[in-house]
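Features of the protein shown, as given by Swiss-Prot:
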ACT_SITE  C182  active site, thioimide intermediate
ACT_SITE  D189  active site, proton donor
BINDING   I81, E82, S83, H221, E222  substrate binding site
BINDING   S83, K84, R250, G251  NADPH binding site
Amino acid sequence: MELEKHTHLGKATEYPEEYSPSWLTPIPRAKSRETLGLSGKPDFVGEDLWNGYELSWLNSKGKPEVALGVFRIRCDSLNIIESKSFKLYLNSFNQSRFTSREEVEALMRKDLSAAAQGEVSVTLLSVTDWRDEPSFWRDAENLDVLDIDVDVYTPDASLLPDPVGDDVVEETLSSDLLKSNCPVTGQPDWATLYIHYRGKPLEKAALLKYIVSMRSHQDFHEHCVESVYLTLMQRYQPEKLAVYARYTRRGGLDINPLRSNYPLAADNFKLPRQ
């Protein structure tokens with residue numbers, strides 16, 4: 001699949017005036033997963049949590065309504081949804097009339113599930129309904145205070161040393177230094193990366209260097225998280241592992257992929273850059 005031909009990315013686009021699900025562009029997960037050595041159903045679980053901040057439609061009398069959208073796409077769906085197409089799809093509601101928020105919610109659930117070829121949860125919140133969520137991720141130890149020398153800016157698992165000893169720890173780590181790039185436009189994507197694990201201790205300076213090594217990598221948010229998850233799982237085989245990235249907002253959307261080897265929902269908390 002040639003992404004440049006089949007997506008809206010990098011192209012001038014007229015914004016829609018009428019609701020249509022045809023704006024949604026699905027991209028098979030399998031294509032990027034092949035580059036990670038994955039075929040068939042992956043061993044991890046998780047979801048892609050999207051927040052939509054620019055969402056509006058007209059009620060039956062023509063008065064605008066606004067909402068915040070929370071969309072959860074399971075990682076075992078066949079497709080991701082390309083982000084600009086998601087934005088255009090949401091914009092297509094702007095001048096269309098609907099009888100209720102519940103009608104819009106049900107329609108989005110149907111359209112997004114069809115595009116993703118998997119279950120999608122949709123929750124529309126009024127501006128006054130939204131509340132920040134508590135989360136254990138907020139207590140993560142931030143690695144960015146470490147003073148490291150860096151000269152590798154493409155993903156390099158060899159930066160991670162082999163595990164040493166038999167000690168077992170359980171801890172949550174984070175870094176605000178994750179940067180990856182859109183595979184079509186090259187536009188930078190910025191995120192805070194979280195890692196929770198139980199297993200042999202990770203060498204923290206080396207882990208930070210590995211995170212920084214993603215800096216020139218080109219891939220979608222979802223697959224960057226899967227790459228980090230698989231690298232850590234294959235190298236250290238921890239008993240528990242969860243990798244969660246909260247990306248900064250673009251086009252009224254932020255994308256927050258979570259991958260783990262145990263059941264875990266993506267907490268929807270806000271960071272200063274979101």
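Quick reminder: no glycine exception, Cβ is built from N, Cα and C everywhere.
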Expressed in angstrom and rounded to a whole number, the substrate site built from I81, E82, S83, H221, E222 spans a maximum Cα-Cα distance of 11
CB contacts under 8 angstroms to E222 (substrate binding site), restricted to the same chain and 6+ apart in sequence, sorted by sequence, are R29, S32, D48, C75, I80, I255, P257
The rounded CA-CA distance in Å from H221 (substrate binding site) to D189 (active site, proton donor) is 8
Compile a sequence-ordered list of residues in the same chain as G251 (NADPH binding site), six or more apart from it, whose Cβ lies below 8 A from its Cβ; state 'none' when nothing qualifies.
E54, S83, K84, K87
Between K84, H221, R250, which of the binding-site residues has its C-beta surrounded by the fewest other C-beta atoms within 10 Å?
R250
Please report the number of other Cβ atoms within 10 Å of the Cβ of the residue listed as 'active site, thioimide intermediate'.
19
Cα-Cα distance maximum in Å, computed over every pair in S83, K84, R250, G251 that the record assigns to NADPH
9
From the recorded positions I81, E82, D189, R250, pick the residue whose C-alpha lies nearest to the C-alpha of C182 (active site, thioimide intermediate).
D189
Rank aside, I only need the closest one: which of the recorded positions I81, E82, D189 has its C-alpha nearest to that of R250 (NADPH binding site)?
D189
What does the structure give for the C-alpha distance between I81 (substrate binding site) and D189 (active site, proton donor)? Integer Å is fine.
16
